[in-house]
Amino acid sequence: MQISLKWINELVNLKTTTLDDLIEKLTLGGFEVEEILEFEINNQKQFALEISTTANRSDSLSIQGISIEIAALFNKPSKISTYSLKTLGWQKTLQNFSKPMLTKETCSILLSVIIENLTNFSTPKWIKEKLISSGITPLNNLSDFQNFILLETGYPFEFYDFNKIHSKVKSLDFNLSISQAKDNQEFLAANGLKYNLTDSILLLKANEIPISLAGIIEGNDFTYSENTKSLLIEGSIFNAAKIRQQSRNLGLRTDRSARYEKSLTNTYLIESLYRLISLLRISNPNLVCKLHTIHQITAQPPKSILLKYQTINEILGPINKSIEDNSSYIDPMIISTYLDRLNFKFLYNNSELTWDVEIPASRVNDLTREIDLIEEVGRLHGFNAFLTNLPKLKTIGTEDYSYQTRKKLTSCLINLGLNELIHYSLVNQETFLENEIQLTNPLLSDCSNLRISLLPNLLKTVQENLKQGNLPIEGFEYGHVFSGIIPTDFKEKENVAGIFGGIKTKLVWSDSAHTLTWFEAKGKIEQLFKQLNLVTHWKNKSSTKFDNIIHPYRHAEISLINKKMLGIFGQINPILANQLAISTETYLFEFDVNLLQSQLEINKLAIYKEYSLYPKIIKDLSFIIKRNIELKKIQETIFYNGTKFLSTINLLDEYKGQTIPENHVSLCLQLVFQSNEKTLQNKEIDTIVDNLQSILIQKFNVIIRK
């Protein structure tokens with residue numbers, strides 16, 4: 001909107017205000033100045049500002065409206081003279097004539113008057129100058145008066161040739177009404193275009209004759225001309241959403257419809273109509289005005305909002321002068337002054353420091369909550385007058401144990417080389433699993449089911465990554481999974497799942513690359529539990545839920561020491577791997593996060609070992625043993641009898657060959673001895689190793705290899 005500074009200066013005294021100060025105040029007050037225009041009118045240099053307002057400030061879309069804002073921002077008196085219905089003597093007439101027959105969804109007020117004895121269409125010079133300064137070219141006809149009143153008050157009025165309506169209706173006594181058009185009804189508008197209407201379009205009718213597309217444009221048969229002697233002036237307030245919808249459906253937007261789309265109120269509509277009639281009387285002193293129609297909804301009582309001083313301080317914070325004293329906030333008396341400057345009626349409670357503010361009818365669209373009033377206080381005081389640094393926290397929040405568990409688990413998984421992934425909890429039916437929970441009314445076919453496992457999404461991510469020519473991704477994900485029947489036996493819990501393997505790596509540059517083996521993958525999971533200080537039990541999987549995903553022989557169910565099943569670990573099913581075109585050496589796991597948390601809460605005590613400053617002694621122990629004896633049992637036996645100096649047991653070699661008896665295997669274990677108290681001697685370690693050999697012979701019937 002282009003506003004003339006000379007016109008503004010007639011309503012608010014800005015002679016002592018610089019242009020830069022005005023622009024800064026307007027911008028900080030929510031009215032962005034987009035351009036400064038300079039021009040000459042009658043050899044006088046003038047300035048205008050191109051400003052934009054927010055969508056909810058329809059009250060400021062006029063010279064009077066923006067002048068009221070400028071007066072409030074600069075604390076200057078406004079010279080705007082508003083007419084009073086009591087002064088005009090119209091109040092009783094309007095009350096007797098008004099009919100409550102409109103709904104708010106269509107129109108809040110329909111007002112029309114008849115103007116007779118119209119002889120002179122010429123526009124006064126001062127009106128032309130104001131139109132030019134506002135970026136409008138005067139045409140020296142009735143449209144100049146329409147444009148001027150639109151600029152000055154913000155209300156759009158439509159002019160119709162009364163005699164043309166009379167000749168069409170064939171009656172001087174006709175009724176104006178708003179009703180829906182019929183499907184496929186044609187309407188010839190004033191722009192010369194014919195529109196094919198639907199029943200969603202509103203028409204303004206004189207009896208049953210459509211005279212305009214309501215709130216948009218008048219009909220071609222009823223436009224005024226140079227021969228017009230009498231006018232029907234219509235001023236209405238239509239529903240913004242309805243006008244917006246009609247304009248979009250018709251592909252037609254006018255200056256009038258653009259104003260209605262901003263949600264106008266009828267606060268000063270009648271006063272604006274009186275102002276328009278007064279302007280027409282300048283060139284037509286014998287003008288006769290008759291009230292024709294007024295339909296309006298029942299006026300709503302003024303709305304009040306309680307404004308609290310405490311909330312103002314919490315939202316806006318301390319003011320700039322309080323750098324040394326953080327307790328200094330905006331003074332309550334200053335807030336009352338700002339409310340007065342905005343012409344708000346209020347009751348101030350000094351004991352509770354609250355204001356009961358009555359919202360003016362012109363601001364009901366943008367002032368609906370307490371935060372809106374706080375914004376008004378901030379605008380007038382200046383948002384740059386408040387401190388911008390964040391307040392110091394008086395209390396620091398604590399991490400709950402679920403967060404600590406997730407944080408610790410995430411750290412361990414990242415240490416294993418996995419990346420955290422995130423997927424949508426809704427999946428399609430192609431998840432390789434049965435008993436998916438279907439949604440009754442899904443938005444998309446790809447989001448038609450609730451997931452019962454995190455593994456399908458992880459597999460699809462790896463597949464998609466390979467399709468893009470990338471390496472297989474190794475990652476983990478936290479997420480909720482669902483089970484049961486809705487709504488009788490529905491369950492929801494949080495799981496953590498991961499996928500890794502399938503990437504060929506070299507341990508030594510001269511060796512050939514190889515993928516992760518089953519034992520190496522199992523070792524990674526064992527390392528995870530070791531870092532979490534969890535004791536787990538592994539057994540063959542018995543559940544059939546993951547049969548289509550997990551390898552039939554390389555899998556395990558993992559349970560905690562309390563025998564509660566934590567989750568599963570296994571290699572991908574080779575059939576599924578071939579279908580997805582991913583490596584068969586891919587490994588998957590899925591654990592219950594809540595069970596992990598409860599067990600970690602029990603195992604709060606972390607075991608730390610003192611770092612030894614003394615050297616290690618390493619001994620190798622080779623022997624032949626039956627294949628059905630688990631390595632874990634051998635390690636437990638050696639640790640139990642290896643004295644406190646035995647710190648680590650590593651499997652160096654496993655050999656099967658012709659020199660090894662049937663159903664036997666040759667193992668080579670590396671024993672690491674170290675003391676925290678002294679330097680160990682080879683002699684005493686040899687004695688310990690000899691003793692271990694004897695125990696292994698007795699317990700497992702091993703054959704010691706020299």
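The backbone N, Cα and C atoms fix where each Cβ goes, glycine too.
Here TrEMBL flags Asp366, Asp372, Glu375, Glu376 as Mg(2+) binding site. Taken from TrEMBL, the feature domain 'B5' applies to 300-388. Annotated domain 'FDX-ACB' per TrEMBL: 612-705, in sequence order.
A map of TrEMBL features onto the structure.
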residue: Asp366; record: Mg(2+) binding site; Cβ within 10 Å: 19
residue: Asp372; record: Mg(2+) binding site; Cβ within 10 Å: 15
residue: Glu375; record: Mg(2+) binding site; Cβ within 10 Å: 17
residue: Glu376; record: Mg(2+) binding site; Cβ within 10 Å: 23
Can you list the residues of the same chain, besides Asp366, Asp372, Glu375, Glu376, whose Cβ falls within 8 Å of the Mg(2+) site's Cβ centroid? Arg363, Leu367, Ile371, Leu373, Ile374, Arg379
Determine, from DSSP, whether Glu375 (Mg(2+) binding site) sits in helix, strand or coil. helix
Report the mean pLDDT of the predicted model across the domain 'B5' (300-388), rounded to a whole number. 88
The domain 'B5' (300-388), counted residue by residue under DSSP: helix, strand, coil: 39 helix, 17 strand, 33 coil
